[in-house]
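Read the structure below first, then the notes.
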Amino acid sequence: MGQKEPSEKRAFLVSLIWILGIALGLLWPIFFGDQAIVQEFTFRHQYGPLAFIEEMSRAGTPSLWLPYYLSGYPFYLSAFAYFWPLTKIVEFFGFMNAFNILLFLSYFLGGVGVLRLTRSLGISTIGSRISAAAYMLFQLNIGLLILPFTLTLPVVPFFFLAILKLRERRYRYLLLGALSIAFGWQSGFGEYVLYTIIAGGCFALWLDIGGRSLRTASLTVGMVLLGTLLALPRLIPIANMLEISVRAGGAQGATEFFRLSDVVHLLFPYFSLPFANMIPYYHSNPFTIYVGTVSIILGILFFAYLRPIIRKDFRALYFGLLFLFGFLMMFSFTGLFFFTRAVTFSLFGGVWKLLFLAFFALAVLVGYGFDYLESRDGDQKLKRVVYGYAASVLLVSLVILAAKIVILFFENSMLERLMDLIQPRLESGAAPAKLERIARNFWDQAVYNVSFKNYHFVVAYLLLILPVFPLFQYLKKKMNLEQLGAWLLGILALGGIFLWQGYYPLVPKSLITSEPLTSQYVKTADASKNFRVFRFWPGLRWYQERGLSPDNYTAQISLEKELLFPNINIVYGIPIVDGDDNFMSSRQSRLSAEIGSIRAPQNEDKKWILEESTSLKERLARFTSAENRSLLSVFGVKYIVTSLPFPPPFEKVFEASLAGTAIPIYIYKNEDAKTSAYFAKKVAFVTTDNDSLAWEALLAQKDFGETTVIECTDPRCYGQPTKVSNSSITILESRPGYLRLHIKMDTAQWLVHSESNLPTWEAILRSATTSQSLPIFTANYIHQAVPVPVGTYEVVFSYPRLNRQFSYAVSSLLEKLFRLDDRSLFMYSGAY
């Protein structure tokens, strides 16, 4: 902190080159290798929405309504928000290149933010570079490849930087902080932004300690309010939707905590065992907590030198406390763990999300820990830390050696013991060959974790050993601090780049952009897209038993493409009835689980399609039953993709094999599927505002071709004529979020629109002389229905743009606050 610095501009330029090199080193396969990342979150949650933006830009008709999943869904709630200038990148470069560019910018700007923050804290140039590299290479920060998260990586350091500068009376940084918060709110990872605001507010109070006023804290509050105000057009509509989503009652997942096995992943991030749920104290889904050995050493040094460091810079203590708070939150025995059960925080699934802030703080501590090494008065502590680390490396090496000896001399006895453990968990009567195959698979995968043929094990082990050399050289005074910093930065940056090669599953980009055969067929068979698609999933094990390798990403992605899995179906413009989204409505979640979707949210406990205690034959029988077929029909499912033969009356209209395998792919047609708009033949009314009664009324219907269930609590509904009339419907114009119909009838009827009846939809009835709004009611639990009088009309259903969404949401909030319940029948009904 006191060492002589080179030219600040030159040093900053060199630092930028380092950060640029790290970002490109991480992502070079997608920029220069014509590869696409197919990590689960990326493949299922990113490419589809981005492809929709590209489709809308080419059509010249931007829309906030995404019709391709969940029977239609607001796009501003999707995993990638349809927001402001970033969409221009998609329009210009195409959806896949845009994702790559935005991902790169996230890491690059995140590194720049930490660099600027640590330099402003007085940390040396080399210490700041180490901090920035550490932040970029933390496994937690690179492991969740969805733009709502990665785009918030720069938000935290720039927000803290703005607070720090406000303390120094550099008020122009208030705009930087406000824009950071607005950017964060817009990105879609709201809980992380909320945690950041709380942590930043506490930092501002910390800076004001000992002062005569709370000037920094007050300015920070204003900065947050300004940023939130800029983001309100997005936040308020989301808040309005929250009460009908599956997150309305909170989210599960907040009880996950560290286990003993996570220590292994702190040193060897790729360590994994098959059938991990059978092993006590082992995480079957381990936390992504690898931070690198350099960060561990420098973090320990910070706490070893804590007193002298905070005597020089009291601000350092805050980052130490922030790290401890977020890290200790992950242990179930701490009182801090129960903080996540508080109001608001319980809405977010996963206490692990606080680790993002903890590791951000660790990145700052790394710089402080390195800088204090220049003060030689701590040599004894440094020796203890270095020798302790060297002893730990030796201990780990001895454990690995012992494992090698066990593998070499006791393989057969260990295999026998494994078979004894596995046998009670298999179905009765399992063949001995199957038992032996499973045990051998377990053993081979376990052994591979410590094999020198395993590239990732070798790199992780080298990164464990390498820091010992420069640290001992520094202790012996054969290396100065600048040289030590260069060594540690090189080990951290280059080692991290090599370690994370292969971390992201990759496939050729053409595999994503090429259209699946099933999509080509349904588009050819029904170009109007007046249909929806669904799939029957027999289970991953069924496919693996027929040759699908879990390590063959190309085959797995090809299978999901052909089955038109959510949400990759969006890339190919195929509408489906279910989907994968944390904010799906609770009704959609219940419906999806009932008809056989595997993508109902995790807190939906009735996913019979995944119940292994039920035989595949029984699950198929339920899926193809008359009752389920009736539900599929009313929700517009005209085509079903599957790998199993269906019984009549389903008609097989397409057959192929998954490329490179003998796995069959069939498409069955459901002739009874409802269209996007139709008149109800008969109406059964639900006259109370009760979700359970509406669900029971839906399930009570045996033939939806005859009866439509409509929810209306106004007595004027019940007098609507319900007999079949001489009527016709012609679609004049159809695009996402907009449907214009020409209708003609000789009796008043209920017109059903087969899109999700979510807030803010509008319906207009037009004749030659008049135009009036129609109330929208819920039909068949999730769709829309409007009453239309006798005559010839145009009916327009439309989903408004963001400004109207905002005004509707504000009206709804005011209505709840002031209890304005006197809306007429022909006003916006609020849906559901």
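Quick reminder: no glycine exception, Cβ is built from N, Cα and C everywhere.
Worth saying up front: this structure is predicted, and the values here are computed from it rather than measured.
Features as listed in TrEMBL:
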- 12-31: transmembrane segment (TRANSMEM)
- 66-86: transmembrane segment (TRANSMEM)
- 98-118: transmembrane segment (TRANSMEM)
- 138-164: transmembrane segment (TRANSMEM)
- 171-186: transmembrane segment (TRANSMEM)
- 192-209: transmembrane segment (TRANSMEM)
- 287-306: transmembrane segment (TRANSMEM)
- 318-339: transmembrane segment (TRANSMEM)
- 351-373: transmembrane segment (TRANSMEM)
- 385-410: transmembrane segment (TRANSMEM)
- 455-472: transmembrane segment (TRANSMEM)
- 484-504: transmembrane segment (TRANSMEM)
Report yes or no: does the transmembrane segment (385-410) come within contact of the transmembrane segment (171-186), defined as 3 or more CB pairs under 8 Å with a sequence separation of 6 or more? no
Give residue numbers and ranges for long-range contacts of the transmembrane segment (455-472): same chain, 6 or more residues beyond its ends, CB-CB under 8 A. 267-270, 292-294, 297, 386, 389-390, 393, 396, 400, 449, 479, 483-484, 487-488, 491, 495, 498-499, 502
Using a Cβ distance cut-off of under 8 Å, indicate which of 12-31, 192-209, 351-373, 484-504 has the most pairs with the transmembrane segment (98-118). 12-31
With CB pairs under 8 Å as the measure, which of the listed stretches 12-31, 287-306, 351-373, 484-504 comes out on top against the transmembrane segment (192-209)? 351-373
Most CB pairs under 8 Å with the transmembrane segment (287-306): which of 12-31, 351-373, 484-504? 351-373
